[in-house]
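If you check TrEMBL, you get these features:
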type     : residues      : note
DOMAIN   : B:9-188       : domain 'UmuC'
BINDING  : B:D13, B:D107 : Mg(2+) binding site
SITE     : B:F18         : site 'Substrate discrimination'
ACT_SITE : B:E108        : active site
Amino acid sequence: MKFIVSSSALLKQLSAINGVVTTNPVVPILENFLFEIKEGKLTITASDLQTSMMTEIDVEAKEDGNIAVPAKILMETLKNLPEQPVTFSIDRDTYSIEISSDNGRYKLAGENATDFPKIPTVTNATAVDMSSEVLSNAINNTIFATSNDELRPAMTGVYVNLSATNATFVATDGHRLIRYRRVDIASPDAASIIIPRKALNLLKSTLPSDNVPVTVEFNSSNAYFNFSNIKMICRLIDERFPDYENVIPVDNNNNMTIDRLEFMGSMKRIAIYANKTTHQVRLKLAGSELQISAEDLDFSNEANERLSCEHDGEDIEIGFNAKFLVEMLNNISAKEVTLKFSAPNRAGLIVPSDKGENEDILMLVMPVMLNNYV
Amino acid sequence: MFRTMERNVVHFDLDTFFVSVARLGNSALNGKPVIIGGNSDRGVVASCSYEARKFGVHSAMPMKLARRLCPSAVYLRGDMDSYSRYSNLVTDIIRDRVPVVEKASIDEFYLDLTGMDRFFGCRQFTAELKQTILKESGLPISYALASNKLISKVATDDAKPNGQLYIPYGNEKGYLAPLAIERIPGVGNKTSSLLRRMGVETIKVLSEIPVPMMENLLGKNGIELSRKANGQDDAPVVPYTEQKSIGKEETFNSDTIDMKFLYSELIRMTESVAFQLRNQRRLCGCLTVKLRYANFDTVTRQTMIPYTANDHVLLSKAKELFVKLYDRRMLVRLLGVRVSHMVGGFQQISLFDDTEENVRLYQAMDKIRKRYGEPAVQRAVSLNTNKS
């Protein structure tokens, strides 16, 4: 078997799906790309069993065939080759691969393509269409709040709930929660799935910067994402997502509106002086003044700043993990944000003062238990 | 560079500290043999007056034996609160006057006076400090001024009671030479009997053993010991050491296999540790449970946990560890709980695990404890603990 392909075109396609390949996979064959040629079209597959990605590229080939090619060595070779057509010659019996370029010849050992795990197909799927921009917005707005706790698998992914009128994306790690809702995505069949973080991270880095349509198909166990010439299939997290609607408070009437960048800047400075492990800062709202302070008793560090804000409600003193707040503020694009509180030991909400036409975003953050009573 | 310089290190040690504090509160105890320690048969002597020492009583001796040796003594239970109050008082007196102070224990202090002799004269200064402490706190204290921590500590024992010693620079070796090897801190029962079997009885002989031979005999400790025997110690006076862990352990009045009782003890100790943690505005990342069987076999087990100071998290982990740890059907002598890997901060409230009632409950309980003392509220399971 033999085929000729442009080195840079191939590299571009491989880079798009290379993120799936793990360094220490469950089965060694997963360190390879699967190359399949059919009628002049090369299909490349990468997989870690949970998530698989596929892409296609036209090649010059006289016959069909397949081979598994070691991913790392191939990527590095292509990265270091100047743009030119390269020829792949594969020995069907020994699975050895020879790459010839103008610069010389490189030989590496491939593996039998039939050993590569079969990629599942989605049957009985529900399909939804959206644009890549909308999808990447939804991912960017939620993914940072997912949990790393493998003991609670449901929270290691983003929950997506489709209804006839909207789509809701929710992520939480038990200390904060993001609910991102869009009215421009909807499906007549109501459905909810949990997409694992790794798949979303891959999507995030692969989704093209120009706006292209994305087709999402899913059933109860897998989801398909189809855009440009890339396909991604991921296994869904088969768990019950926590009952998030019930924990979102509805009676947070102590509102503070503040310039987002000013608030975030101040928070970042103060956090430098907070404990490096817990990142705890204290917000003190009195009248229309917000005082932010932090201290690290172990190093005798302390800092405090005063900001002016619009405040409508009782004075309140509440503690938060500054890292959470900064991450949240960073993911909002509005000029101003409103923080809604009720009590120092109850959840606080952050909402942007103005938002996009079709979107609605709500961020919830749990405070820390300040025991500053006498 | 500093280490090679001649240093002036003072070791202060409060004489029979617990007894002295007890005497401050009750002058009738003056001149009488006083023994402080746990009053059960399994307790040990924590401190005893010089009058009691004449009867052969010494600290760490089982109370049972002490009673036999000195039945006429006044026996008292310790009062940790007033000890730490007086200890802090003395600490404040010293810290007011000396910049580099290491509080080595509740009744011991190391002072680094290097460089101060240019202004005050170290001997005069320390003598005056001793008088100030006696005057302001009423507690007798002894000290020794030497060129390093080791010599000052060893010499303080010779200065007691209520005395003082000065070992000038260069005299370290000569001072140690005639002393018994057990006087070196770190020479315990095992090392001492090993050395004595070899005929090494005084520090002089010990200092003459070649270093490679000592290393052969005791490994790394041998090299260290050889240096000590030669009066060399370059350990600095460390003004502040961070508390690394909080723990609580209890030796039971009698060995037990009563699981219900063990659990309630475990809960009580964990609750107390968690409260101290919250009180210090800290969270912990590691929990250790310790168990000693009747035959003194001691086992521990620890686990890393997400940073927390919440009772219920620590309790469930402590129980898990205890179940893993207690795998022999043998009577238990001691049970202990310890938290470490501490960081400053408050408990992060969890969205799904902590109910609002729970959060308020913790805050209310801690409020009560701060006002009325730690035992004011506790879980009912941990109440039936005073089992005899």
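Glycine is treated like the rest: Cβ placed from N, Cα and C.
Predicted automatically and left uncurated, TrEMBL annotations should be read as such.
With the fewest other C-beta atoms within 10 Å around its C-beta, B:E108 stands out among the recorded positions B:D13, B:D107, B:E108. The separation of B:D13 (Mg(2+) binding site) from the residue listed as 'active site', Cα to Cα, is 5 Å. Long-range C-beta contacts of B:F18 (site 'Substrate discrimination'), restricted to its own chain and to partners at least six residues apart, with a cutoff below 8 Å, comprise B:I36, B:A46, B:S47, B:G78, B:Y83. In three-state terms derived from DSSP, B:F18 (site 'Substrate discrimination') belongs to a helical segment. Across all of the domain 'UmuC' (B:9-188), the predicted model scores a mean pLDDT of 87.
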